[in-house]
Amino acid sequence: MKPISLTRYLIEEQHAGRINADLRLLIEVVARACKTISIAIGKGALGGVLGDAGSPGAASMNIQGEAQKKLDVLSNDILLEANAWGGHLAGLASEEMDHSQPIPDAFQRGNYLLLFDPLDGSSNIDVNISVGTIFSVLRCPDDVTAPGDEHFLQPGNTQVCAGYTTYGPSTMLVLTVGHGTHVFTLDREIGSFMMTRRDVQVPAETKEFAVNMSNQRFWEAPMQRYVDDLLQGKQGPRGKDFNMRWVASMVADVHRIITRGGIFSYPLDSKCRDKGGKLRLMYEANPMAFIIEQAGGAASTGRQRMLDVQPTGLHQRVPVFLGSRDEVEQAVRYHREHDAES
Ligand code: AHM
Ligand code: MG
């Protein structure tokens, strides 16, 4: 059977009363921006887009103190420009911007708030490894016309839509509007995202884990114990051999889990403890948690369901455990048992 396009899927969702016209337009606009980003990434060195932003020897920094790549800045600009004038948004926030931006007065304002990580895993871009865009959509509070940062601070369980695009051998968009998680593949010849998997289900059990093992000595005790037990394999308490995979590009690691299961973790460690974790809640952990839960998986900080975390800052960081439901529950159990003993 011929796959349906993203446009047709969204129109069917609208006719079924699951999304409104504004949200449909918003998703179409984000998808179009992602196609533009995909084209820029695809040109690679030929497009002059690789390397650091800023001047030679003095890369520009974002609010998080991270060196920006040219493609971070370019992707951010593409998403900002595409979303400014459609009339569907009240404001935007990005990993690459200190504060959120209300939609300029010159344009009509809508009722949604959009948050994004324009180019996740960008440290991989110069070595031609998959990177991605992650986004989350919230409702703007009713009485607010010019939203500030505080209006974005809603828990992940209020998201109305979340998605990511992975720019790999093929460009794929993975999307949820709260009725399952669906995968679309970009047909580069006709320029449309086509649905290639409907209602993805992440297997509840897995033998595959993803973590930056070089941080092992910095982890908290429960994480040390959890991974020690995984590494003991068949002879250990878990009774099975585990395999490890780590791309260091969250979108690519999560996409593997969406495709065949697994657990992804970026735990608390002594290097990132003061910041609360490594990954950002609002535009990395929350959208991925929504997508994974809608696919039957689970997402946690190790101590709390991710989607129930009450945010306190736009760029807040959290520990992350997400993927196959039973394995995430195992990781949570190690934290629970440790906390009960101490
Ligand atoms: P970024 O948004 O600046 O690219 O940072 C997030 C990335 C994730 O994609 C990945 O999981 C993690 O950082 C890898 O970090 P590290 O290699 O430092 O462990
Ligand atoms: Mg990121």
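Note that Cβ sites are derived from N, Cα and C of the backbone, with glycine treated the same way.
Summarising the environment of Asp117 (Mg(2+) 1 binding site), the number of other Cβ atoms within 10 Å of its Cβ, over all protein chains shown, is 28. According to TrEMBL, the feature Mg(2+) 1 binding site maps to Glu95, Asp117, Leu119.
If you look up TrEMBL, you'll see Asp117, Asp120, Glu284 marked as Mg(2+) 2 binding site.
DSSP gives Ser123 (substrate binding site) a helix state. The Cβ neighbour count for Ser123 (substrate binding site), using a 10 Å radius and every protein chain shown, is 15. The substrate binding site annotation in TrEMBL covers Asp120, Gly121, Ser122, Ser123, Asn212, Lys278.
Per TrEMBL, the feature domain 'Fructose-1-6-bisphosphatase class I N-terminal' maps to 5-197.
Annotation source TrEMBL lists domain 'Fructose-1-6-bisphosphatase class 1 C-terminal' at 202-335. Mean model confidence for the domain 'Fructose-1-6-bisphosphatase class 1 C-terminal' (202-335) is a pLDDT of 97.
Considering only the binding-site residues Ser122, Asn212, the Cβ with the fewest other Cβ atoms within 10 Å is that of Asn212.
For the pair Leu119 (Mg(2+) 1 binding site) and Glu284 (Mg(2+) 2 binding site), the C-alpha distance works out to 11 angstrom. The binding-site residues near ligand 2, defined by a Cβ under 6 Å from one of its atoms, are Glu284, chosen from Leu119, Lys278, Glu284. For Glu95 (Mg(2+) 1 binding site), the Cβ neighbour count at a 10 Å cut-off comes to 25, with all displayed protein chains included.
Taking DSSP states H, G and I as helix and E and B as strand, the domain 'Fructose-1-6-bisphosphatase class 1 C-terminal' (202-335) has 62 helix, 23 strand, 49 coil.
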